[in-house]
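Structure first, then comments.
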Amino acid sequence: MIKLFVGLGNPGPEYEFTRHNAGFWWLDAVARELKASLAMDKTYHGLVTRVTVNGQAVWLLKPQTFMNLSGKSVAALARFFKIEPQEILVAHDELDIVPGEAKLKLGGSHAGHNGLRDIHAQLGTDDYWRLRLGVGHPGVKSEVINWVLKKPSLDHRLAMDQCIARAITALPHLLAGDMDKATLLIHTSKPPRPKPPRPENTLPAVP
């Protein structure tokens with residue numbers, strides 16, 4: 001089962017609504033679902049809360065170290081409470097997935113994501129779960145930093161919010177350790193296609 005849920009982002013109001021904070025948005029949704037409130041804990045360099053699910057302690061964490069030092073926070077909590085890498089799920093923004101979609105993944109490269117890069121380094125492994133929340137790609141590599149540090153368009157933000165809400169439905173499976181069911185649910189829960197416009201009532205053409 002997942003014992004540590006981590007949402008990645010940058011602290012501070014100037015970053016709150018930027019694409020890079022998608023992981024924070026998801027973790028906030030998890031906290032609401034579990035009726036939990038996070039509080040700053042300097043020992044773990046982040047906003048933290050502990051809940052009990054079916055007799056098991058579960059931790060929620062939002063590192064407050066800035067993105068490129070996220071691993072410092074994750075490793076501090078995981079090591080103290082003896083949480084194994086495969087019991088950790090990290091939610092983060094993903095350039096290679098369109099807004100409105102998410103993917104669950106175990107292990108693999110950090111793909112240039114500085115938060116994941118530092119978690120890899122601090123844990124000494126890439127063998128942890130990631131929830132990849134699509135934010136889309138600007139189309140030009142040189143614009144990536146500006147892209148993730150800006151607010152998404154209203155349409156993209158709505159799609160991302162809906163995606164986060166759908167991903168929350170997999171939470172019981174994540175907590176139970178049924179990663180296959182969680183993966184299936186997250187990967188198949190795509191936004192519904194918009195309905196085609198209703199045809200207008202028109203009079204028949206006059207011959």
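Easy rule for this one: first residue shown is 1, then count along the chain.
Even glycines carry a Cβ here, placed using N, Cα and C.
Pulled from Swiss-Prot, these are the features on record:
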type	residues	note
ACT_SITE	HIS20	active site, proton acceptor
BINDING	TYR15, PHE66, ASN68, ASN114	tRNA binding site
REGION	188-207	region 'Disordered'
SITE	ASN10	site 'Discriminates between blocked and unblocked aminoacyl-tRNA'
SITE	ASP93	site 'Stabilizes the basic form of H active site to accept a proton'
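Feature map: annotations from Swiss-Prot on the structure.
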residue : record                                                               : Cβ contacts under 8 Å, 6 or more apart
ASN10   : site 'Discriminates between blocked and unblocked aminoacyl-tRNA'    : THR18, HIS20, ASN21, PHE66, MET67
TYR15   : tRNA binding site                                                    : GLY9, ASN21, LEU149
ASN68   : tRNA binding site                                                    : ASN114, GLY115, ARG117, ASP118
ASP93   : site 'Stabilizes the basic form of H active site to accept a proton' : LEU8, ARG19, HIS20, ASN21, ALA22, GLY23, HIS113, LEU133, VAL135, VAL148
Neighbouring C-beta atoms (10 Å sphere around the C-beta of ASN114 (tRNA binding site)): 17
Among the tRNA-binding set TYR15, PHE66, ASN68, ASN114, as the record gives it, the longest Cα-Cα distance in Å: 16
Additional residues around tRNA, ordered along the sequence, whose Cβ is within 8 Å of the centroid of TYR15, PHE66, ASN68, ASN114: ASN10, HIS20, THR65, MET67, LEU69, SER70, GLY115
Neighbouring C-beta atoms (10 Å sphere around the C-beta of the residue listed as 'active site, proton acceptor'): 22
Count of other CB atoms lying within 10 Å of the CB belonging to PHE66 (tRNA binding site): 15
Three-state secondary structure, ASP93 (site 'Stabilizes the basic form of H active site to accept a proton') (per DSSP): strand
